[in-house]
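Structure first, commentary second.
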Amino acid sequence: MAASKPVEAAVVAAAVPSSGSGVGGGGTAGPGTGGLPRWQLALAVGAPLLLGAGAIYLWSRQQRRREARGRGDASGLKRNSERKTPEGRASPAPGSGHPEGPGAHLDMNSLDRAQAAKNKGNKYFKAGKYEQAIQCYTEAISLCPTEKNVDLSTFYQNRAAAFEQLQKWKEVAQDCTKAVELNPKYVKALFRRAKAHEKLDNKKECLEDVTAVCILEGFQNQQSMLLADKVLKLLGKEKAKEKYKNREPLMPSPQFIKSYFSSFTDDIISQPMLKGEKSDEDKDKEGEALEVKENSGYLKAKQYMEEENYDKIISECSKEIDAEGKYMAEALLLRATFYLLIGNANAAKPDLDKVISLKEANVKLRANALIKRGSMYMQQQQPLLSTQDFNMAADIDPQNADVYHHRGQLKILLDQVEEAVADFDECIRLRPESALAQAQKCFALYRQAYTGNNSSQIQAAMKGFEEVIKKFPRCAEGYALYAQALTDQQQFGKADEMYDKCIDLEPDNATTYVHKGLLQLQWKQDLDRGLELISKAIEIDNKCDFAYETMGTIEVQRGNMEKAIDMFNKAINLAKSEMEMAHLYSLCDAAHAQTEVAKKYGLKPPTL
C-alpha cells in the first residue's frame, strides 16, 4: 500500500485500521513530517498530522518570534515556571500612574496602607500562615482605592494564592476572576484560575484560561503547556467515549479495504475463491453474488468481496455462523475483520476469541485471528496483551510470514528496532517476494540510524530503499516510505518524485495526495498547491479522515477557525477507533478555545 500515514506508528495495518490518529499513545519523536511524536508504519492505514503538548495550539511558531513584545508588567507575565508565591508591589500599567491633583495625597495614603497590609500578608504567606495572610489581603482589598485596578488585581491574586494553599478551589477561582476583570491579561491570575478550574472539573473553562496563558506567554512556559495538553486529552477522551459508543458504523473506501488486505499473504479469508466454490453463472442485474455451488453464507460473502460489494459481507457471514455451517470458523474471522474495518472492536473481539479457541480450525485462521486481536490490543494501548497474542501466533504457526511482518511493526512501535528487523528478516526468509516487508525493514533501519544520528547507517538505509524500489518497482509502499525518509534528509525534489510514483501505481489512494500536499508546504511553502492536493484527496475518497484532519490543521494556521472546526468534525465522524476520535476532539477543542480567547482578548491569529 502506498503512502498511508506519515509512517510513524504501525501496528494497525494488521488489525484495527485507522486513517486518523494511529495506534500508540505517545512514543518518541522521529523522522517524518516535522518530527512527529509517534512512529507509524502503517501498511493500510493513513496517519494524522500529530501534535505534541502545546503544539496543538498552532500559533506557537509565530508567537515565539515575538519575544514578548508589547507585554507590560501589568500582565503578570514571567518566564519562570514557579507560580506559588504571592506578588510584591505591582507595577502600574502604562497610563495608570498615581493621579495628580487635589485628592492625590489621600489616595496615596490609602494605597500605602493597602500595600502595607499586603506586605504583611506576604510575610504570613511565606511563613505558611495562610488564614492570617488571607485576612491581610482582604484588608488590602478594602483599603485600596477602586480606581487602582492593577494594585487591586494583585491583592485578589495574592488572596487566591493563599486560598490555593488551603485547597479552597471555589474561592481561588472567584478571586482570580476578580483579578482578571481588573487586569484582563493578568497571566498569573489566569493560570491560577485554570488550575482551580481543573480541580473543580470545569474542563472547558480550564482550557480557555490555559489557552490564553499559552498565547500571552508565547508558548514559552512548560508548566502551562503541559496543563493545556492534559486538559485537551481529558476533554478528548471524555467526548470520544460518549460519541464513539453511539456512532454509526461506516464502511471505509474500497481502496482502504484493498490496501488493508494487501498486508496479509497467509490469510485464507482474503484469498480469491477457488473454481469449485462458485458456478459460472453471470451475476444478475441487481448485483447479487454469483451463485455458489454450496448454500453457504460465507462463500457468498467471499464473492461479495471479489465484487467489492462490502456492505453485504457481515450479514452473509452471520448466516453461516447462525447455521453452524461448514465454514463457520472462516465466517467468524471474516466477520470480525469487517467489524474491525468499520471500527467496531467490541463486536470483533468475541468472534476473534472464538476462532482462536477452535482447536480444530485451520491453524492459519487461528494465527490470523491472533494477529488481528494483538493489533487491536495495541491500538487500545495494551502492549502486553498484544505481545502475548503475536508470540502465541508465532508458536502455533511458525511458518506464517504474516506473523513476523506484523509483529515487526509492533516492535517498531515499542521502540524495539533490532527485534523488528529480525522479524522482518524472518518474514523475508519465508516470503522472499514480500516487497512490503523489505521496504519496512529499510524504514526500520533508517529510523534506527536517524534517531542515533548515525550518518553512515542513514546512507546505508537510503541505499537499501533504492534497491527495494529497483527490485519491486510495483510496490507503492516502497516509494512512500522512501519519500518520507528523503523528506527527512531535505531531498524534497526526489521525495516528490517518489510520491508521483505512488500516485501512478495507486491513483485512488487518497493519503498519497495528502503527503504530497504536505511536502509542498514544507518544501516550497506553496500553500495553494498543498491545499489543492489535499482537496484532491477528499475528492478521491470522501471518507479519508486523514485529509480532513490535515486540512483542518492547515486552516487553523491560516486563522480560518470555523473551517478548521468543520474539517475536524468531519474527521471525527469518520474516526475508526475511540482513541483516534479522542485525538481529533483534542484538535477541535483547541481550535474552539483559540476562537473564544481571540474574541475575549482581541488577539488576531497569525496566518501562514
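Numbering starts at 1 and runs along the chain as displayed.
Backbone N, Cα and C atoms are what each Cβ position is placed from, and that goes for glycine too.
According to Swiss-Prot, the SUMO2 cross-link annotation covers K275.
Feature annotation from Swiss-Prot assigns N-acetylalanine to A2; the stated evidence is a large-scale study or a structure entry.
Among the features that Swiss-Prot reports, phosphoserine is placed at S91 (among others).
Taken from Swiss-Prot, the feature phosphoserine covers S96 (among others).
What Swiss-Prot lists as phosphoserine is S110 (among others). Taking the Cβ of S110 (phosphoserine) as reference, residues of its chain lying under 8 Å away and at least six apart in sequence are, in sequence order, L143, C144, P145.
What Swiss-Prot lists as N6-acetyllysine is K185. Under DSSP, K185 (N6-acetyllysine) is assigned to coil, being neither helix nor strand in the three-state scheme.
Annotation comment: Swiss-Prot describes S434 (among others) as phosphoserine. Residue environment of S434 (phosphoserine) contains 22 other Cβ atoms, counted within 10 Å of its Cβ in all protein chains.
Feature annotation from Swiss-Prot assigns repeat 'TPR 1' to 114-147.
As a whole-number mean, the pLDDT of the repeat 'TPR 2' (153-186) in this prediction is 98. Per Swiss-Prot, the feature repeat 'TPR 2' maps to 153-186.
The repeat 'TPR 3' annotation in Swiss-Prot covers 294-327. Residue counts for the repeat 'TPR 3' (294-327) under DSSP, split into helix (H, G, I), strand (E, B) and coil, are 23 helix, 0 strand, 11 coil.
Annotation comment: Swiss-Prot describes 329-362 as repeat 'TPR 4'. Packing against the repeat 'TPR 4' (329-362) from elsewhere in the chain are residues 15-17, 247, 249-252, 256-257, 260, 268-269, 297-298, 301-302, 310, 313-314, 317-318, 320-321, 368-370, 372-373, 376, 379-380, 575-577: each is 6 or more residues past its ends and has a CB under 8 Å from a CB in it.
Annotated repeat 'TPR 5' per Swiss-Prot: 367-400, in sequence order.
Under the heading repeat 'TPR 6', Swiss-Prot lists 401-434.
Here Swiss-Prot flags 440-475 as repeat 'TPR 7'. Per DSSP, the repeat 'TPR 7' (440-475) is made up of 29 helix, 0 strand, 7 coil.
The repeat 'TPR 8' annotation in Swiss-Prot covers 476-509.
As annotated by Swiss-Prot, repeat 'TPR 9' applies to 511-544.
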Cα of K185 (N6-acetyllysine) to Cα of S434 (phosphoserine): how many Å, rounded? 59
Do you know the DSSP helix, strand and coil residue counts for the repeat 'TPR 9' (511-544)? 28 helix, 0 strand, 6 coil
What are the DSSP helix, strand and coil residue counts for the repeat 'TPR 4' (329-362)? 26 helix, 0 strand, 8 coil
